[in-house]
Amino acid sequence: MNENLFASFITPTILGLPLVTLIIMFPSMLFPAPTLLITNRLVSIQQWLIQLVSKQMMNIHNHKGQTWTLMLMSLILFIGSTNLLGLLPHSFTPTTQLSMNLGMAIPLWAGTVIMGFRNKTKISLAHFLPQGTPTPLIPMLVIIETISLFIQPMALAVRLTANITAGHLLMHLIGGATLALMNISMTTALITFIILVLLTALEFAVAMIQAYVFTLLVSLYLHDNT
């Protein structure tokens, strides 16, 4: 266990060089390309998951929106695999860094908004002022809608960061409590260890759910602008 509670969120380095780039590239090695005539089980599961998620997520889109299918499927695989790898002992989770999550959220959000203004300029501008708004409230509503638009990428990034960070902190605290209680009461330590195992299983689910939620919200932003 790390002595510092937040040590697991510090970017690891070797000889002063940050390893975050290598860590970010590592999940891509887990999903081999189906180059063989007969695929193995890993590739089959990968293709089945992609088809299942793409059908559920992309059915609401028109032709322009469906051109984003490959990008969104790559996004959910990347975030999900990164979150799962971060649950391994002595590992680092890049999605606990707000800067990285903003780096994913802002370009994707900006792409959907720019597409909306290019393809549906009048409809996109109409979102800033609901129909039937009283004249004295027009300036205030325009400001509020503008703020709500620009806060969307921040909400995406903060949601992912907060959920992943909170889970890791809880696992760290309960794991430390289990080690400390072993010298006091083995029964209490065993109960705490069972809680840790259940929390770890929950974090595996949270890792995949947060990847799905992040991608789903990007898909909804895309649907609103296509």
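Yeah, the Cβs are placed from backbone N, Cα and C, and that goes for glycine too.
If you look up Swiss-Prot, you'll see 6-26 (among others) marked as transmembrane segment.
What Swiss-Prot records for 68-88 (among others) is transmembrane segment.
For 97-117 (among others), the entry in Swiss-Prot reads transmembrane segment, with the evidence type sequence analysis.
Per Swiss-Prot, transmembrane segment is recorded for 138-158 (among others). Away from its own ends, the transmembrane segment (138-158) comes close to residues 98, 101-102, 104-106, 108-110, 113, 127-130, 214, 217-218, 221 of its chain (Cβ-Cβ under 8 Å, at least six residues beyond either end).
The transmembrane segment annotation in Swiss-Prot covers 164-184 (among others) and is backed by sequence analysis.
Away from its own ends, the transmembrane segment (200-222) comes close to residues 53, 57-58, 60-61, 65, 68, 72, 75-77, 79-80, 83-84, 86-87, 95, 104-105, 108-109, 112-113, 115, 152, 156, 159-160, 163-164, 167-168, 171 of its chain (Cβ-Cβ under 8 Å, at least six residues beyond either end). According to Swiss-Prot, the feature transmembrane segment maps to 200-222 (among others), an assignment based on sequence analysis.
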